[in-house]
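The next block holds one structure in the form of C-alpha cells; read it before the comments.
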Amino acid sequence: MSRRVVRQSKFRHVFGQAAKADQAYEDIRVSKVTWDSSFCAVNPKFLAIIVEAGGGGAFIVLPLAKTGRVDKNYPLVTGHTAPVLDIDWCPHNDNVIASASDDTTIMVWQIPDYTPMRNITEPIITLEGHSKRVGILSWHPTARNVLLSAGGDNVIIIWNVGTGEVLLSLDDMHPDVIHSVCWNSNGSLLATTCKDKTLRIIDPRKGQVVAERFAAHEGMRPMRAVFTRQGHIFTTGFTRMSQRELGLWDPNNFEEPVALQEMDTSNGVLLPFYDPDSSIIYLCGKGDSSIRYFEITEEPPFVHYLNTFSSKEPQRGMGFMPKRGLDVSKCEIARFYKLHERKCEPIIMTVPRKSDLFQDDLYPDTPGPEPALEADEWLSGQDAEPVLISLRDGYVPPKHRELRVTKRNILDVRPPSGPRRSQSASDAPLSQHTLETLLEEIKALREQVQAQEQRITALENMLCELVDDTD
C-alpha cells in the first residue's frame, strides 16, 4: 500500500479563533450600502468602520484598545454629503486616513491620538476630480502622500495628497466600471479588473497597459486581483455557471493560468487579503460566514488549500491588520476585523508553536511606516522597495505625526530658483489647520481635567459625609 506524502509547510496548522466577547466592538451601526468594498480599515493604532449616517456619509474611528460597547454619541468622521464607499489608512502615517464617497470626492483626515469631543468635520484636504461616485482607494506602498482613486466614471486618478495635485489621470483604459485596483510591492505597476471581464496590468507613469487577459474568469460577476510576492496575479471571480473560482496568473504569459480552481456556488464576491511575508492568501466572501486560506508556492499545484475558519454569523465586511500590528509573542500571523450587523469581532490566525522565543521564520522583516520615496521622485520614474523593519522586539507605533498640505500656487509659473528638491512635510509652514488642531486638543484636555477635578471634589464631599455619619 502506498503512503500519501504530506506536503511540508510551517503554515499547515494555522488556525483561526474569534476573540473573546469583551474584545469585540459592540453597538456599531455598520453601513448597509450595496458596495463590494471591505467597509473596514485597521492599523496598529485605530479601527475605522463605515457606518450608517443620516443625510450624508460617515465612518467611526476607534482606538484599538477601546473594546466593548461603543457609546451611541461617540464622535464620527463626517464631511461627505453622500454615503462613504471606501476607506484606507495611510501606510506611512497611522493618524491619516482617506475616504471615498458617492458624492464624487475623496477626503483625507488627520485623526488625533486623543478621543475628540465632537464629530470630526474638517478634512485636511478634499480631492475633487471624479465626475461620478468614487468607490476604490489605495495608497502607494512606498511613496509618501501618493493616493490612488478609481471612480464610476471609469477613471483612475493618482494624487499627491501633500499638495492636492493630480499626478496622473488614467482615463482611456477602462471602457466600463472598475471593480478592483492593486499596486505591486514597489508601486511601479497596477493590476485592475473591470466589468468588461478584462484583467489588466498597467504602468501608470507610462500610461500604458503592459499586459491584459480577457475573461480570466468567464462569469459576469465582479473579479478581484492582487499581486503576489513572486510577481504573479492572484484573482477571484466566477465561472459561467456562477461558481466561485480562484486563479493564479503569470503576467508574462497570460494565455494559460498557472492555477485555476473552482470553489463553491455562492453569489458573494470573494475579497482576497494577501500576506507577502508568508505568501498566504485569505478569501473572505461578503455574506459568507467563513474565511478560507491558501498558501501560494512555486511548486504544483501552486495554490495549496490550508484550512477554513468558520463561524455562525455572516460577515458584512472585513479589516486586515498590517503585519506590524500583530502580537509576535503569540505567533499571530494575521488578524481580521469581521463586521457583523451591529458589531466588529477580531479573528486571530495563529501558528501553534511550543517555544516562547521570537519565531524568526514566521516573521521576516516587514514593511514599516517610513516611505522609501517622495511623490515627485516616484513620478520622475524612480522605484524603491518598501523600507523594512524587524518585529523581533514588537512594534510600537510612533506618536501623532501631522500631515501638512502645501497647495502650490498654480498662478505662479516661475521656475524655482536653486536646485529642485522634493518638499517633505517638515519643510511646510505650520498651517492654520495645525493650529486649530492644537487648540482643539488643549481645549479637550482642559475639559477633561475640569471634569476630573469636579469628580474629585464630589468624592471628597462623599467621604466627609461618611466620616460624619460614623462619628
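Cβ atoms are placed via backbone N, Cα and C, with glycine included.
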**Asked** In TrEMBL, which of 211-238, 323-350, 435-462 is labelled coiled coil?
**Response** 435-462
**Prompt:** Hey, which bits of the same chain come close to the repeat 'WD' (127-169), Cβ under 8 Å, at least six residues off its ends?
**Reply:** 35, 37, 82, 85-92, 98-108, 175-178, 180-183, 185-187, 190, 192, 194, 204-205, 207, 367, 371-379, 383-387, 403-408, 423-425, 428
**Message:** If we skip the immediate neighbours and take only residues 6+ beyond the ends of the repeat 'WD' (77-119), which ones have a Cβ under 8 Å from one of its Cβ atoms?
**Reply:** 31, 33, 35, 37, 39-46, 48, 50, 53, 56-61, 63, 66, 125-128, 130-139, 141, 144-145, 147, 149, 151, 159, 161, 322, 367, 369-371, 397-403, 433, 437, 440-441, 443-445, 447
